[in-house]
Amino acid sequence: MDLWQLLLTLALAGSSDAFSGRETTAAVLSRVSQSLLSVNPGLKTNSSKEPKFTKCRSPELETFSCRWTDAVHHGLKSPGPIQLFYTRRNTQEGTQEWKECPDYVSAGENSCYFNSSFTSIWIPYCIKLTSNGGTVDEKCFSVDQIVQPDPPIALNWTLLNISLTGVHADIQVRWEAPPNADIQKGWMVLEYELQYKEVNETQWKMMDPILSTSVPLYSLRVDKEYEVRVRSRQRKSENYGEFSEVLYVKLPQMSQFTCEEDFYYPWLLIIIFGISGLTVMLFVFLFSKQQRIKMLILPPVPVPKIKGIDPDLLKEGKLEEVNTILAIHDSYKPEFHSDDSWVEFIELDIEDPDEKTEGLDTDRLLSSDHEKSRSNLGVKDGDSGRTSCYEPDMLETDFNANDIHDGTSEVVQPQRLKGEADLLCLDQKNQNNSPYHDACPAIHQPSVIQAEKNKPQPLLIDGAESTHQAAHIQLSNPSSLANIDFYAQVSDITPAGSVVLSPGQKNNGGMSQWDMHPEVVSLCQANFIMDNAYFCEADAKKCIPVTPHIKVESHTEPSFNQEDIYITTESLTTTARRPGTAEHVPGSEMPVPDYTSIHIVQSPQGLILNATALPLPDKEFLSSCGYVAQTN
């Protein structure tokens, strides 16, 4: 440096005679100095540079060393000696004593080495540099903070596998820990960082820190050469040590073809051509199936087609011509569905509870006060009646037939009953020649009733005036009370919709018990004519005559069980007839017809029943209450 300054001074002194004035000399000197600084930046105008600490490190956490820079002095005067002093910050010692560096040689030039005797791991240190009696630099630290391990040694690699294409390969890199680091005893725990790159590259690829001394490298090119290096640091520390020596990795070429370039699949071209092909196929399919797809997406509106009718007539709205064509052809007449079965329902009037007891069939048969009302023939539009399911034309036909039947029955029935009674009496008089013809007037009315019952034609209940007369005749003669049929309950409903009633009892000929006990007859008649539908058990027992002196083997006394307290009027009538029949031998047994089904519902208060040819066997009905029910 001094030589350059001397040459510069001589040059300036020699050129001072060529230039006049100080200003010119100063300008020349500044230009020369800038030229020299551009050539050699180390030539500065400052006279000196103070020494500084560069770093302090402990490679194995047992010893440490510190280094500093050399002092630079550009003046003519040489710098003084550089000394290092240290002290420990011990809290037990009251004063701090500065001591000079124990070894300036072991760690090299411009360094101080502290062996294990002067090293304390958990005690902080303070160091300073002095020159010519003054402090140049100062620093404080602890040994565990300056740990920087030595580089790992013995790096090598192992081939793991090569890809099927022979382009890439995987390797395993191994190394050993620094020899001076006590890893086996656990005095130090090191973390390793591996870096690798291709030979021609400048940027290193770093891997995550690991605790093991081996790491795999994947997908390395076979035709490339790689550089690998490793460094370490104390765990939980930020200061890495020096890098190890560089390991060069050259992978062998296993395949016969050269791997100068990567073999890439043309995925982009494959995708483009694939989409194009699918689009073309879709358009071809749509074009070939155009009509069918149109039918599926937009189905045509069906045109009304009738055989023998031009569809244009329907489109133009000429309905009169269409109706004319339909009227000509009988095949186009509307067909009624005959498969639908009509169900007949009995009208029930549940508005007034008192009317239920007044409209019983038995009371209508026995009562003469009930007169037919023409106003009852009106149709009641209810959900439970016939009007809810019958057609209006059918309804008018039924009512017209009922009106004609009611009108004729009022005039013809009395004459028919009287004529048949006369014929019956005359027949008995001619055959028997007995004095019974005197009693014909007495039995005239019951015979007429039996003859009328034996006819298979339907019986009109509460529909004509003759029925009321027959009921009045029966009430005038007590012996005819047993011939009355009591329809106790509905037993079944046929599939056709008819209602089947429970059967009645047979009428045994001969003298009845009513003739033997007239007071019982009058009492029972009074009880039966009662408007109430229920009568007491005690009254029912009064109707049964007591015959203690007559013993008949086939006779069985009726018993009223305490559990079955209800008895029916049929059982009561049968019980009242049996004492007489046991005492007298029956002369003839005439069956009383049982009207077991409803023929026509004439009006809300009238029923026409069907008569059966043969009587059904007797049935015993057990009831379970203390009142006798007189039902329809």
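In case you wondered, yes, glycine gets a Cβ from its N, Cα and C as well.
So that you can see what the record holds, here are the features copied from Swiss-Prot:
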TOPO_DOM  19-264  topological domain 'Extracellular'
CARBOHYD  Asn46  N-linked glycosylation site
CARBOHYD  Asn115  N-linked glycosylation site
DOMAIN    151-254  domain 'Fibronectin type-III'
CARBOHYD  Asn156  N-linked glycosylation site
CARBOHYD  Asn161  N-linked glycosylation site
CARBOHYD  Asn200  N-linked glycosylation site
TOPO_DOM  289-632  topological domain 'Cytoplasmic'
MOD_RES   Tyr487  phosphotyrosine
MOD_RES   Tyr595  phosphotyrosine
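Annotated pair Asn161 (N-linked glycosylation site) and Asn115 (N-linked glycosylation site), C-alpha to C-alpha distance, rounded: 48 Å. Classification of Asn161 (N-linked glycosylation site) by DSSP places it within a strand.
Fewest other C-beta atoms within 10 Å: among the glycosylation sites Asn115, Asn156, Asn200, that description fits Asn200. When the Cα atoms are compared, Asn156 (N-linked glycosylation site) and Asn115 (N-linked glycosylation site) turn out to be 33 Å apart. There are 10 other CB atoms within 10 A of the CB of Asn161 (N-linked glycosylation site), with all protein chains counted. Counting only the Cα atoms, the space from Asn115 (N-linked glycosylation site) to Asn200 (N-linked glycosylation site) is about 43 angstrom.
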